[in-house]
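Working notes, beginning with the structure itself.
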Amino acid sequence: MDSYRKYAAVILVTLLVFLHSLHSVPDGDFTAQECPECKLKENKYFSKLGAPVYQCAGCCFSRAYPTPVRSQKTMSVPKNVTSESSCCVAKTYTKATVMGNIKVENHTECHCSTCYHHKF
């Protein structure tokens with residue numbers, strides 16, 4: 001009879017630990033991160049009264065998956081994981097002059113597309 005009480009106690013403690021850990025996690029999806037959607041955001045540094053300057057900001061997607069063997073054979077330096085991502089970039093923009101003579105892009109529409117920060 002004592003062995004049943006020990007098993008019941010172990011099960012009860014395990015259940016309580018599980019419930020405690022479940023309630024300690026914030027509400028929402030486990031994979032969701034605090035990153036807003038891709039949209040226009042005012043650039044406070046370059047904006048002036050009456051002439052706001054906007055830039056695209058926010059999250060798109062990224063993923064990683066195993067590189068197919070057929071593709072690895074064609075690589076000069078084979079890698080096991082292939083990653084793919086898209087960035088929040090300007091779909092349309094206009095040129096604007098701020099602070100006298102500094103030319104910047106004033107974004108007018110955003111979308112998720114190829115990341116350009118590494119393509120100089």
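Any Cβ shown, glycine's included, is placed from N, Cα and C.
Values in this document were obtained by computation on a predicted structure and should not be read as measured data.
Which of C35, C38, C56, C115 pairs with C87 is settled by Swiss-Prot: its disulfide partner is C115. According to Swiss-Prot, C56 forms a disulfide bond with C110, chosen from C35, C110. The record in Swiss-Prot lists a disulphide bond between C59 and one of C35, C38, namely C35. Its Cβ taken as reference, C60 (disulfide bond) is surrounded by 17 other Cβ atoms within 10 Å in the chains shown. If you take the Cα of C115 (disulfide bond) and the Cα of N106 (N-linked glycosylation site), they are about 18 angstrom apart, rounded to a whole number.
The CA atom of C60 (disulfide bond) is located 6 Å away from the CA atom of C87 (disulfide bond). With every protein chain in view, the residue among the disulfide-bonded residues C35, C38, C59, C87, C88 whose Cβ has the most Cβ partners within 10 Å turns out to be C88.
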